[in-house]
Structures are given as C-alpha cells and as structure tokens.
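**Student:** Let me give you the structure first, and then I'll get to my questions.
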Amino acid sequence: MDQLNGKEQQEFQKIVEQKQMKDFMRLYSNLVERCFSDCVNDFTSAKLTSKEQNCIMRCSEKFLKHSERVGQRFQEQNAAMNQTMGR
C-alpha cells in the first residue's frame, strides 16, 4: 500500500469499503433468509409469536457466532500462511 500515491490509496480504500459493505449485506441477507425460513411458520398474523421471536433470537445469535468463528479461523490460517511464506 506504501507504493500507492494519495489518489490511488483513496481509490483502493473505496474499493475495500465497497467490498466490506457487500460482504456485510450478503451476511445480513443470509441471516434473514435462514432465520425466517427456520422460525416463521404462522402467516395468519402480521406479528411474530413469542415462540417465533425466541427462535429468531437464538438463530441470529448462533449464525453471528458461527460467522465470527469462521472469520477468526480464516485470520489464523492467513497469519500462519504469511509466517510460512516469510521464512
């Protein structure tokens, strides 16, 4: 990144931010689709039942914890690869 001039760094940063937003939106969309499909079964009311609300809360927490764990493992593997390449 040090090889880039100011304008190139700004453009690079913009690309990174766009990718992060796209990744976040994909994560959010997957979360909504998964938890809605698994938890919402009663379409006779516009409101969620308490059972559906609890299911969605558990599903969301589990999904986010899993995503966080996968991200941590990816970072660990990436760091290990960088160490191996640096030798």
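Glycine is treated like the rest: Cβ placed from N, Cα and C.
Sharing the features that Swiss-Prot gives for it:
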DISULFID  Cys35-Cys59  disulfide bond
DISULFID  Cys39-Cys55  disulfide bond
MOTIF     35-59  motif 'Twin CX3C motif'
**Student:** Validating a neighbour-count step here. Other CB atoms within 10 A of the CB of Cys35 (disulfide bond): how many?
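**Tutor:** The Cβ of Cys35 (disulfide bond) has 20 Cβ neighbours within 10 Å.
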**Student:** Looking only at the motif 'Twin CX3C motif' (35-59), how are its residues distributed among DSSP helix, strand and coil?
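**Tutor:** Secondary-structure composition of the motif 'Twin CX3C motif' (35-59): 15 helix, 0 strand, 10 coil.
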**Student:** In whole Å, note down how far the CA of Cys55 (disulfide bond) lies from the CA of Cys35 (disulfide bond).
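**Tutor:** A Cα-Cα distance of 8 Å.
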**Student:** C-alpha of Cys39 (disulfide bond) to C-alpha of Cys59 (disulfide bond): distance in Å?
**Tutor:** 8
**Student:** Are there any residues in the same chain, six or more apart in sequence, whose C-beta is under 8 angstroms from the C-beta of Cys55 (disulfide bond), and if so which?
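**Tutor:** Cys55 (disulfide bond) has long-range Cβ partners Cys35, Asp38, Cys39.
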